[in-house]
Amino acid sequence: MKAQLAILSLLVGLLAAQDLRSLLDICANPPKTTPKTLSDKISLPESYKISGSMTDWMKASTSLLVESASKEFRVLEKQTRDQMPEKWIQELTGAKLTSFINVTSGECIGNVSKPDLFKISRFESIIGADTSSLYSIILGLIEFDKSHTGFFVEDHVEVVGGVNAQKWVTCIDGATANDTKVLLEVRYAGEETIRPAQSPFSNPLLLSIRLAELPNFNSTVALNHVSVELDRYELPVGNEAAVVHGVWCKNRNDTVLVLKPLDEYAAILNYFDPSTNRSDVVEVLYSKTKKVIHIAGDSFENGVKLFKATPKRYKNGTDYILHDFNYGYEFTMSHGACQSFSPLDDSSEDVLVKNGTDHFIMNNMEWLLVDPGLRFSLYESDVDMVGTAFKTYRAYDGRDETIVELHVTEDMEVHSMARFRMGSRHLAVSLTVQRIPMESSRLNMKTVQLSNCYDEQKFANNTLMVQIKDKTLSDLSQVGLNGLNEAVASSISKNVHPIIPYRVIVFYVESRDSGLEMIVRVAEKTEKKPGNVVGYNYTTELTTAEIFKLMNDSMTLDKMPIEVLKNNGVKEEWMADASTMKMYPPENDDGFIGYTGGAMFVLAIFCLLIGVSIGAVGVFVATRRQRISTLAYQVFE
């Protein structure tokens, strides 16, 4: 751009020597041809990008201008020799504010006055008082032309920008005899000349405007003399109103954003910290319907940014967290194994205390991604590498003196976000979001997968066996073990007594007559009181023995239907045969640690297959016995 300025300055010097006499002769001796008006076709379309120069002949200075417009913004860029480049961005919708940016320093001030390309009072009656843009100057010229005529310079052909230019001149007297005079010259491409290279531009195409204020039309010494020349017409690229990353404009009408609700949401979040060159990738599954939020990642040793949790909150190796707002508990896991089970508390960003109560409720997912305390203003829209259009908002966070840049889709869903250091404009952290379908998320875990976290390993009399009427393993294959587990837990809560589903674990065996027999384990009620959530009464949980007695009563009366969902979408009701119900292990087995002969035989074969000695089997306690020798007891007892 500096090279362009140097060339332009040379041209200014040459053109400044031009004599106004030939044009003033037209004012003194008007041609005999009929005066004509300019065409209003020289107006600019809604979207455009034009470049050129503005020259003040009396000050011997010139400026390069680039102006662009879209439906949302009009942008003017100006550069003058020995001055830092300047940029004005005017909103064309909403509050219609104007922001000024020092392009070199990056300083931005919102809600400033419009710029003045030149401010000469005598010219206001001709081009209007608004000289903030080339667009407004051209509009003023068209409005002036509605009541004024001029003359085309005959037998005078100029080639400007590769097209034949027509010259139109008008001489303007003052309101009184003592008022100064004004000479107005307009050059434009005639309708018969070569058409512009890009549509929607068409001839006549404005090429230049020149205004000279004179004491009278006999004087060739101007009091004020300015010109504007346009040398390029094109369509905007789309990012002309962009403010460089890390810059926030002061004094704008910042507001709290209304983001798209994310009540059912699954996504992969990638947090990147350039200072450590480290990415923390986490998967999140949020369901307001199910009142749960799951988070999983490689490790949370740097904390959980989504919860604003510090590294000290979770142990090294934690890679899964579940917050269950139905029952008020937090579960954590590491490498697929249970790590902790604890009451839900409000030290995490996703847990809110409902106004006027002490009850815990879920924070909105959109506000976990974007701090609801920040106030944003709109910047220019953009398109990412895959063609997704998004809006850009920015806010200043005084707590850590960072600039937050937020990208959202047209319907205001979070697309990505970045934080920049105030002043240096260095990136502090970035967030990119990749949405995934809820149903395909690997975090769609069943309650049985977390039952080991709840179970406090109190094994006495907490397992029973019962046969399902008229069902076989083939029927189970159409439902799945997890599906059966959920159905049994749901049936107990609906038909027997309300119970937290994490207490229920279901497995199966095949009976002697090839029927389906299920093993139901109901863990003892935990001694850990839950967080204070709405809907779950911890005090009503019964002991396992009490639950089993009620289950037996309900099954005997066929009042405990198990509603399962088959893989073809059809629901069925399964019924347990109460006459086959028995405790597992048998009640007459008190204090016995060992195996029957048949069981030992089966276990010996099992141990040989997996390379474990029979001697090792002898130290198995009752817990292993119920899990490993199920088939042995079923066959040999």
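Residue numbering: from 1, along the chain as shown.
Note that Cβ sites are derived from N, Cα and C of the backbone, with glycine treated the same way.
Swiss-Prot annotations:
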CARBOHYD  N102  N-linked glycosylation site
CARBOHYD  N111  N-linked glycosylation site
CARBOHYD  N178  N-linked glycosylation site
CARBOHYD  N218  N-linked glycosylation site
CARBOHYD  N253  N-linked glycosylation site
CARBOHYD  N277  N-linked glycosylation site
CARBOHYD  N316  N-linked glycosylation site
CARBOHYD  N355  N-linked glycosylation site
CARBOHYD  N461  N-linked glycosylation site
CARBOHYD  N537  N-linked glycosylation site
CARBOHYD  N552  N-linked glycosylation site
TOPO_DOM  1-600  topological domain 'Extracellular'
TOPO_DOM  622-637  topological domain 'Cytoplasmic'
TRANSMEM  601-621  transmembrane segment
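The secondary structure of N102 (N-linked glycosylation site), as reduced to three states from DSSP, is extended strand. Remark: N552 (N-linked glycosylation site) has A578, M581 as non-local neighbours, by Cβ distance under 8 Å and separation of at least 6 in sequence. Using CA atoms as reference points, the glycosylation sites N102, N111, N277, N355 were checked against N253 (N-linked glycosylation site), and the closest is N111. Shown in sequence order, L97, T98, S99, N251, R252, N253 are the residues of the chain, 6+ apart in sequence, with a C-beta less than 8 angstroms from the C-beta of N111 (N-linked glycosylation site).
Per-site Cβ counts within 10 Å over the glycosylation sites N178, N218, N253, N277, N316 peak at N253. Straight-line distance linking the Cα atoms of N537 (N-linked glycosylation site) and N178 (N-linked glycosylation site), rounded to a whole number, equals 94 Å. Cα to Cα, N316 (N-linked glycosylation site) and N277 (N-linked glycosylation site) are separated by 20 Å. Considering only the glycosylation sites N178, N218, N355, N277 (N-linked glycosylation site) has N355 as its nearest partner by CA-CA distance. Each of the glycosylation sites N102, N461, N537 was scored by the other Cβ atoms within 10 Å of its Cβ; the lowest score goes to N537. Over all protein chains present, the Cβ of N355 (N-linked glycosylation site) has 7 other Cβ atoms lying within 10 Å. For the topological domain 'Cytoplasmic' (622-637), the model gives a mean pLDDT of 35. Taking N178, N218, N461 as the glycosylation sites under consideration, the smallest Cα distance to N355 (N-linked glycosylation site) is found for N461. Using Cα positions, the member of the glycosylation sites N102, N178, N218 nearest to N461 (N-linked glycosylation site) is identified as N102.
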